[in-house]
Amino acid sequence: MVFGDLEILYKLGITAVLGLIIGLERELKRKPLGLKTSLVISIISCLLTIVSIQSAYLFNHAHSVQITMDPLRLAAQIVSGIGFLGAGVILKKDNDTITGLTTAAMIWGASGIGIAVGAGFYMEAIAGVVLIIISVEIIPYLMGKAAQTKLRNKDLIIKVIVRNRDAIPCVLDAIEKQQITIENIRIKDLKDQTHLVDLKARASYKHTTVDVYRHISGMDEVAAAEVES
C-alpha cells in the first residue's frame, strides 16, 4: 500500500470520526439525522471529493491531449445534491410550526465536513465540527440559562400616591428593601397637593402582586396604591 492510499484512509478515518460526532449529537436528541445517516453522508462526501481531485490530475496527465478539469466539480455537485436529504427532514406541523431546519443544516454540514477533509483541510474541518457543536449545544444552553434567570423575575407597574413630597425617597427605599428593583421612575404633582409616583419595576416571581400591593398600601406616607404585573 503506497503513501497515497494511506492518506486516503487517513482522510476517510478523520471524516468518520467527525461525522460520528455530528450524528451522535442528533442521535441523542432523537432527531431524524442519526449516526448512520451522518456517517454515510460525511464519508461518501469525502470519498467523492478525493475522487474528484485525484481524477482531475490523473486523467489530465494520462492523455497526450491537454484536458482541463475542475478538481472540485464533483464536490460542488455534492453540495447541490445533498438538498434532497435536507428537504426530507423539514416538517410543517398543523400549527404552522416548521421543524427540522437544524437537522437539515446538520446534513449539509456533515457533507461540507466530508468535502473539507477530502480536499485536505483537516484543521479547518475539525474546527468546523467544534464550532458546530458549540453553536447547537453550548450557546443554546447558555441562552437558556440567561432566559431562566430573566424568567425568575416579573415586571411590575406600580403607581403610588404619596401625601408628602419629602416622603417619596422613604417610600422608594421601602419598596427596594422588599427586593424589588426599580427600573424607571416618573413623579407627577397632583391638584390635591399629593404626588403620583409611577414606577416600572422588576420583582422575584416569589413576590405575588397582592403581597406587593399590601406592603406598599400599608405605608403611612401612601394615600393610595396600584400594582399591575
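Backbone N, Cα and C atoms are what each Cβ position is placed from, and that goes for glycine too.
The model shown is predicted, which means the values in this text are computed figures rather than measured ones.
As recorded in TrEMBL:
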- 6-25: transmembrane segment (TRANSMEM)
- 12-140: domain 'MgtC/SapB/SrpB/YhiD N-terminal' (DOMAIN)
- 37-59: transmembrane segment (TRANSMEM)
- 71-91: transmembrane segment (TRANSMEM)
- 98-119: transmembrane segment (TRANSMEM)
- 125-144: transmembrane segment (TRANSMEM)
Winner by Cβ pairs under 8 Å against the transmembrane segment (37-59), considering only 6-25, 71-91, 98-119, 125-144: 98-119
Stretch in 6-25, 71-91, 125-144 most in contact with the transmembrane segment (98-119), if contact is a CB pair under 8 A: 71-91
Intrachain neighbours beyond the transmembrane segment (71-91), with Cβ under 8 angstroms and 6 or more residues off its ends: 31-33, 37, 41, 45, 48-49, 51-53, 56-57, 98-101, 103-105, 107-108, 111-112, 114-115, 118-119
